[in-house]
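Enquirer: Copied straight from TrEMBL:
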- 1-296: domain 'Carbohydrate kinase PfkB' (DOMAIN)
- N11, A12, D13, G39, K40, G41, A42, N43, E143, D255: substrate binding site (BINDING)
- N187, T223, L224, G225, S226, R227, G228, G254, D255, N279: ATP binding site (BINDING)
- D249, V251, A285, R288, G290, S294: K(+) binding site (BINDING)
- D255: active site, proton acceptor (ACT_SITE)
Amino acid sequence: MSRLVILGSANADHVMSFEYLPAPGQTLMSKDYRFEHGGKGANQAVACARLCQAGNRIDFICHLGADGIADQMCQSWHDDGIHSDGITKVNGLSTGTAMIFVGANGENSIGVSLGANASMTTEALEKHQTLLAQADWFLVQLETPTTTVAQALKSAKKHGANTLLNPAPATVLGTEIYRWVDIITPNETEAEAITGIEVCDENTARLAAQMLHQLGPETVIITLGSRGAYLSCSEFEGVVAGVDVKPVDTVAAGDTFNGALMVALSENLAMRDAVEFANRAAAIAVTRPGAQRSIPYRHEL
Ligand code: RIB
């Protein structure tokens with residue numbers, strides 16, 4: 001049995017669909033409106049829970065508001081088999097909120113109000129040290145305070161976990177955090193934010209990956225949308241091709257990729273095979289609307 005621990009955000013996603021994304025100063029009428037369970041951390045935890053084999057344990061560490069949305073989310077995560085020891089409802093705060101615009105070709109733009117996610121401080125993290133110490137695999141992103149992310153990575157790594165950082169959304173970090181990261185998984189924009197290299201083809205992906213290795217991570221995976229992912233590790237260097245699908249909504253595709261990747265690695269798949277598995281999971285997610293709603297189950301892969 002493996003213990004997979006995810007630390008991160010949970011958001012109430014308010015989603016509107018358009019023929020194209022509104023430009024600055026432009027008002028467009030949406031074709032529809034949906035309320036969804038989202039947040040990068042929660043999406044990744046759900047992906048782990050739906051894709052892992054029976055017997056593994058998934059823990060999610062997060063802060064929610066003390067509101068009805070939090071209750072709905074907790075019920076849904078419970079139904080997916082996520083353990084709730086790391087979930088705290090914080091009095092006086094609201095659950096995080098995301099406003100999401102989706103264009104006709106599945107692309108999106110997102111604004112987030114962190115709400116309770118911002119209250120996951122290093123002090124608040126203290127009570128989750130046991131979960132971090134028990135983790136075999138640990139995954140985190142950047143919608144919680146970066147000092148907490150750094151502290152959690154350090155703690156999990158010191159206790160022997162394999163650590164994954166999905167540096168999303170793009171954020172400038174101090175260099176120390178990368179020392180505690182085994183596997184880093186930026187998309188092209190995030191890779192550019194960290195390295196300054198515009199990733200537009202295989203050559204620039206290789207250069208960005210080299211720079212990311214120098215910061216610390218042994219394995220670099222730059223996700224390339226429908227083209228798949230650029231993998232740079234001791235056994236392989238190059239593009240692992242994605243699956244060709246017609247995208248409907250790309251929200252949570254990256255989160256699905258990250259959760260699936262951690263599940264596959266926890267089952268001892270070789271790195272390239274794990275990236276292929278993650279590509280397939282993400283490809284299914286983009287063919288469906290919504291965040292957690294779009295994440296596939298193991299039998300669908
Ligand atoms: O990665 C997708 C997620 O980003 C959405 O669910 C939204 O909540 C934002 O956090």
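Here the Cβ of each residue, glycine as well, is placed from N, Cα and C on the backbone.
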Enquirer: Out of D13, K40, E143, which of these binding-site residues is nearest L224 (ATP binding site) by C-alpha distance?
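Expert: Going through D13, K40, E143 one by one, the Cα closest to that of L224 (ATP binding site) is K40.
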Enquirer: Cα-Cα separation of G290 (K(+) binding site) and D13 (substrate binding site), in Å?
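Expert: The separation of the Cα atoms works out to 9 Å.
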Enquirer: For E143 (substrate binding site), just count the other CB atoms lying within 10 A of its CB, please.
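Expert: The answer is 25 other Cβ atoms.
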Enquirer: As a test of reading the model: what is the averaged pLDDT for the domain 'Carbohydrate kinase PfkB' (1-296)?
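Expert: Its mean pLDDT is 96.
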Enquirer: Report, in whole Å, the straight Cα-to-Cα distance of A285 (K(+) binding site) from G228 (ATP binding site).
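Expert: G228 (ATP binding site) to A285 (K(+) binding site), Cα-Cα distance: 14 Å.
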Enquirer: Cα-Cα separation of S294 (K(+) binding site) and N11 (substrate binding site), in Å?
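Expert: Each residue's Cα considered, S294 (K(+) binding site) and N11 (substrate binding site) end up 15 Å apart.
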Enquirer: Least buried of the binding-site residues A42, L224, V251, A285, going by other Cβ atoms within 10 Å?
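Expert: Each of the binding-site residues A42, L224, V251, A285 was scored; lowest Cβ tally within 10 Å is L224.
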Enquirer: Can you tell me which of the binding-site residues S226, V251, D255, A285 is spatially closest to D13 (substrate binding site)? Compare CA atoms only.
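Expert: Among S226, V251, D255, A285, V251.
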Enquirer: Cβ within 8 Å of the K(+) site's Cβ centroid: which residues qualify beyond D249, V251, A285, R288, G290, S294?
Expert: V248, T250, A252, A253, V286, T287, P289, A291, R293, I295
Enquirer: I'd like to confirm something. Which of the binding-site residues, K40, E143, N187, has a Cα closest to the Cα of V251 (K(+) binding site)?
Expert: K40
Enquirer: On a simple 10 Å Cβ count over all chains shown, which one of the binding-site residues D13, D249, D255 is most densely packed?
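Expert: Selected residue: D255.
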Enquirer: In whole Å, how far does the CA atom of E143 (substrate binding site) lie from that of R288 (K(+) binding site)?
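Expert: Checking the Cα atoms of E143 (substrate binding site) and R288 (K(+) binding site) gives a distance of 24 Å.
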Enquirer: Please give me the binding-site residues out of N187, S226, D249, A285, R288 that lie within 10 Å of K40 (substrate binding site), comparing Cα atoms only.
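Expert: For K40 (substrate binding site), the binding-site residues whose Cα atoms are within 10 Å come to none.
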